[in-house]
Amino acid sequence: MNYLVMISFALLLMTGVESVRDAYIAKPHNCVYECARNEYCNDLCTKNGAKSGYCQWVGKYGNGCWCIELPDNVPIRVPGKCHR
């Protein structure tokens, strides 16, 4: 029984688990993509693997692109300064 659990766990680790999150997509140096139109953000987000995106008006970081179900390998805005 223990072998079955260990083999199942090993298979899970080998296949990898792709997770997603909702967040502001980030430029290099932890800056958000500024926006005025939802279409711009939706295109940007979907090109980076998200389900969709929209322009978050007057949000925490100003007018920035918010992505829905963005893959983990795409950088997101994290707390701290934007270093332009």
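Glycine residues also receive a Cβ, built from the backbone N, Cα and C atoms like all the rest.
As given in Swiss-Prot:
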- 1-19: signal peptide (SIGNAL)
- 21-83: domain 'LCN-type CS-alpha/beta' (DOMAIN)
- Cys31-Cys82: disulfide bond (DISULFID)
- Cys35-Cys55: disulfide bond (DISULFID)
- Cys41-Cys65: disulfide bond (DISULFID)
- Cys45-Cys67: disulfide bond (DISULFID)
Protein Cβ atoms within 10 Å of Cys67 (disulfide bond), excluding its own:
28
Counting other Cβ atoms within 10 Å of each residue's Cβ, which of the disulfide-bonded residues Cys41, Cys82 comes out lowest?
Cys82
Reported as an integer number of Å, what is the Cα distance between Cys65 (disulfide bond) and Cys31 (disulfide bond)?
11
Neighbour count (Cβ, 10 Å) for Cys55 (disulfide bond):
19
List the disulfide-bonded residues among Cys31, Cys41, Cys67, Cys82 whose C-alpha is within 10 Å of the C-alpha of Cys55 (disulfide bond), in sequence order, or say none.
Cys41, Cys67
List the disulfide-bonded residues among Cys31, Cys35, Cys82 whose C-alpha is within 10 Å of the C-alpha of Cys67 (disulfide bond), in sequence order, or say none.
none
Winner by Cβ contact number (other Cβ atoms within 10 Å) across the disulfide-bonded residues Cys31, Cys35, Cys45, Cys65:
Cys65
Between Cys31 (disulfide bond) and Cys41 (disulfide bond), the C-alpha gap once rounded to whole angstrom:
15
Determine, using Cα-Cα distances only, which of these disulfide-bonded residues is closest to Cys35 (disulfide bond): Cys41, Cys45, Cys82.
Cys41
